[in-house]
Amino acid sequence: MANILRTIIENDKGEVRKLTKIAKKVEGYANEMEALSDEELQAKTDEFKERYQNGETLDDLLPEAFAVVREASKRVLGLYPYRVQIMGGVVLHHGDVPEMRTGEGKTLTATMPVYLNALAGEGVHVVTVNEYLATRDATEMGELYSWLGLSVGINLAAKSSSEKREAYNCDITYSTNAEIGFDYLRDNMVVRKENMVQRPLNFALVDEVDSVLIDEARTPLIVSGPVSTETNQLYHRADSFVKTLSEDDYAIDTPTKTIGLKDSGIDKAEEYFHLENLYDIDNVALTHYIDNALRANYIMLLDIDYVVSEEQEILIVDQFTGRTMEGRRFSDGLHQAIEAKEGVPIQDESKTSASITYQNMFRMYKKLAGMTGTAKTEEEEFREIYNMRIIPIPTNRPVARIDHQDLLYPTLEAKFRAVVADVKERHEKGQPVLVGTVAVETSDLISKMLVQAGVPHEVLNAKNHFKEAQIIMNAGQRGAVTIATNMAGRGTDIKLGEGVRELGGLCVIGTERHESRRIDNQLRGRSGRQGDPGESQFYLSLEDELMRRFGSERIKAFLDRFIEEDNDVVIKSRMLTNQVESAQRRVEGNNYDTRKQVLQYDDVMREQREIIYAERYDVITAERDLAPEIKAIIKRTIERTVDSHSQLDRKESLDAILNFAKTNLLPEDTISLHDIEDLNYEDIKDLLYDAALKNYDRQIAKLRDEEAVREFQKVLILMVVDNKWTDHIDALDQLRSSVGLRGYAQNNPIVEYQSEGFRMFQDMIGAIEFDVTRTMMKAQIHEQEREKETESRTTAEQNISAQSTISPQDPIFKNVGRNDKCPCGSGKKFKNCHGRKRF
């Protein structure tokens with residue numbers, strides 16, 4: 001272990017030496033740049049662009065370009081980047097993560113690589129965690145970029161499509177991570193290219209990169225729409241039932257946070273709902289509602305996992321930042337179950353139209369870089385998943401903060417009494433204090449205790465996040481006491497007020513350890529910026545979540561000896577700190593494994609999504625007649641259908657083929673059994689294809705002109721693809737939920753998901769081609785003028801009143817296995833198509 005640590009330290013030192021060498025080159029241009037007039041310095045941007053177009057690389061331009069930004073920053077902002085900031089900028093340009101301590105000027109550091117990469121003209125995205133930071137940084141740093149001749153845009157959720165398009169077309173675009181993801185998904189749902197807002201993804205520089213790429217890695221971005229409303233009564237009935245249960249009726253697995261009914265609970269459910277067998281196949285839907293009601297009532301906690309807003313809405317609380325996640329809803333009916341639990345109006349369930357995780361979203365950029373003060377603990381994950389190195393950057397001034405050893409108490413009550421006493425003592429001498437909590441519930445409790453102790457304070461949590469920046473900016477003033485959940489206020493510096501340095505600087509008090517050492521380090525990092533004095537102290541108890549789930553038995557046994565004598569006994573030792581960090585490492589390892597597994601599952605969706613989105617883009621941007629593609633689709637559909645029917649008895653086979661042709665391919669009076677009964681199957685394919693081409697030409701002839709033909713073709717394909725893709729996403733979600741059970745049968749769930757997901761994707765492609773064929777050949781096309789200016793599908797869809805909504809008389813198929821493909825040619829299994837009634 002010692003040798004490994006020594007190697008890591010030596011590697012870091014080697015990187016710092018390389019970066020120092022490049023930084024000195026940049027500094028070597030300082031006098032030359034200082035001698036330039038404003039006009040000459042501004043002209044450097046066009047010069048660099050021309051040199052880049054003539055073959056010089058961005059690496060070639062780096063020393064001089066960084067020097068230009070440095071001098072421009074001094075003239076425009078009154079700030080001159082230090083050497084360590086130049087070094088951080090070089091790391092960012094190389095697509096890695098410079099670990100820079102709080103207060104070291106990450107925002108200014110980013111200006112140099114952002115400017116350099118914007119010279120290529122392909123767009124640079126500066127990504128922040130919230131709109132306040134995006135607007136603040138775009139306004140402050142935008143002044144510098146504009147002075148240098150680069151355009152700057154801000155992409156906010158409230159902006160219209162045209163405003164978003166304008167922002168993305170700028171050289172530099174500031175946005176939140178969520179909005180970039182949603183814009184990407186929405187772009188792949190439009191019908192016309194001119195309705196897209198993004199350019200191809202080039203270079204993203206992510207602020208607080210660990211928050212976005214690690215903490216939120218498992219959170220999918222989902223674009224969804226309403227589906228047929230499930231009766232709200234079932235949610236209420238399930239909720240009423242689980243509230244009648246005692247603790248003996250269900251079992252909770254604390255480490256995994258899962259819950260299930262015991263036998264006594266099952267008996268009560270069968271009595272309550274008047275059932276013979278709760279787990280009969282007919283009761284699958286009911287068990288789903290009961291499972292969600294159990295989770296809502298006994299796993300999901302008010303003010304920790306969610307809050308109830310003044311508008312009577314359930315808002316999810318981000319477990320890492322303590323902020324509410326506006327617009328997000330728990331999936332699979334859990335949100336509705338919580339709404340029933342809390343007695344607020346139940347909103348309709350929704351159907352996923354498109355989704356993507358941040359992991360796969362940001363891996364699509366040509367180059368990805370990020371900034372943070374705490375990433376070294378997650379170095380393996382950044383390297384393995386994002387191919388990014390973590391390079392620690394030296395501080396401009398030595399860190400003067402004092403980090404005290406943890407204090408461990410036997411109970412929560414004793415711990416909180418000690419916290420309040422410490423805060424009161426420091427407040428009375430004028431030292432500012434920032435109290436960090438993990439949950440809204442804890443911040444409210446400490447706030448009440450401080451009120452009782454007569455200590456004035458501010459509270460920052462998910463309930464009043466709108467005052468975040470103002471509260472944090474005042475947190476360093478003399479006598480200030482601020483309570484904040486987790487890393488609320490991250491990205492806003494806490495500057496010390498007059499006379500505070502002499503009192504020891506800002507004291508950060510953590511009320512419990514987080515699962516991740518990185519989050520604890522972020523809290524500590526609020527104090528001691530730019531060489532300022534400061535302190536940090538963590539208070540723990542044996543009843544804390546981390547200690548309860550993962551704490552060492554040695555610590556518990558050691559503390560038990562003192563509890564009987566004194567309930568306020570406290571332990572302070574290096575052994576304790578080591579034990580806590582050991583527990584955190586175990587949790588971090590578990591979380592990393594989980595995120596890695598999520599990525600393995602999501603990679604299946606990613607590969608399929610990229611194929612579908614690439615095909616969509618090709619259709620949207622096509623300015624050609626799509627007849628060759630549509631005719632090829634018709635041909636493959638005919639071949640697939642005839643091949644699947646050729647396995648049957650000859651008479652039954654011909655009847656099925658004829659039925660397919662009449663209901664999906666041709667006018668009914670244009671083909672009969674007499675036409676195909678003497679032909680072999682290859683000749684039948686040729687006959688049907690020739691007849692289909694004639695029918696295709698008849699259909700197209702009804703349209704007004706070539707433009708109308710192209711519009712009809714595009715909307716037809718996109719409408720079918722989008723409908724099938726949406727259904728496929730839901731099917732994959734259901735597969736993912738069920739495939740875990742296959743592990744009990746000694747099958748690897750991920751391998752099962754990959755193979756089954758691939759088969760389902762192939763089936764979906766067949767179903768898309770079948771529906772395109774049927775809709776093209778059977779649509780009632782009206783010869784009418786259509787408005788060219790419309791931006792929605794509605795006008796074009798009026799020309800596709802396809803008979804896909806009409807159910808023709810079901811044909812009768814014999815000797816078809818339940819898992820065989822349906823002979824009708826839909827691409828679905830027989831049990832899920834025409835065999836549904838039979839099975």
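Every residue gets a Cβ built from N, Cα and C, even glycine.
DSSP assigns Thr107 (ATP binding site) to a helical segment in the three-state reduction. Residues or ranges marked as ATP binding site in Swiss-Prot: Gln85, Gly103, Glu104, Gly105, Lys106, Thr107, Asp493.
For Cys822, Cys824, Cys833, His834, the entry in Swiss-Prot reads Zn(2+) binding site, with the evidence type sequence analysis.
The compositional bias 'Basic and acidic residues' feature in Swiss-Prot is assigned to 782-794.
Look at Swiss-Prot and you will find 795-808 tagged as compositional bias 'Polar residues'.
Positions annotated as region 'Disordered' by Swiss-Prot: 782-818.
In the three-state DSSP classification, Gln85 (ATP binding site) falls within a helix. Contacts of Gln85 (ATP binding site) defined by a Cβ separation under 8 A and a same-chain sequence distance of 6+ are given as Glu104, Gly105, Leu108, Thr109, Met112, Asn396, in order along the sequence. Within the same chain, residues at least 6 positions away in sequence whose Cβ sits under 8 Å from that of Thr107 (ATP binding site) are Asp137, Glu140, Met141, Asp207. Looking at the residues that bind ATP per the record, Gln85, Gly103, Glu104, Gly105, Lys106, Thr107, Asp493, the two CA atoms farthest apart are separated by 17 Å. Same-chain residues that are not part of Gln85, Gly103, Glu104, Gly105, Lys106, Thr107, Asp493 yet have a Cβ within 8 Å of the Cβ center of the ATP site turn out to be Met100, Thr102, Leu108, Thr109. Counting every protein chain shown, the number of other Cβ atoms lying within 10 Å of the Cβ of Gly105 (ATP binding site) is 19.
In this structure, Asp493 (ATP binding site) belongs to neither helix nor strand by DSSP; it is coil.
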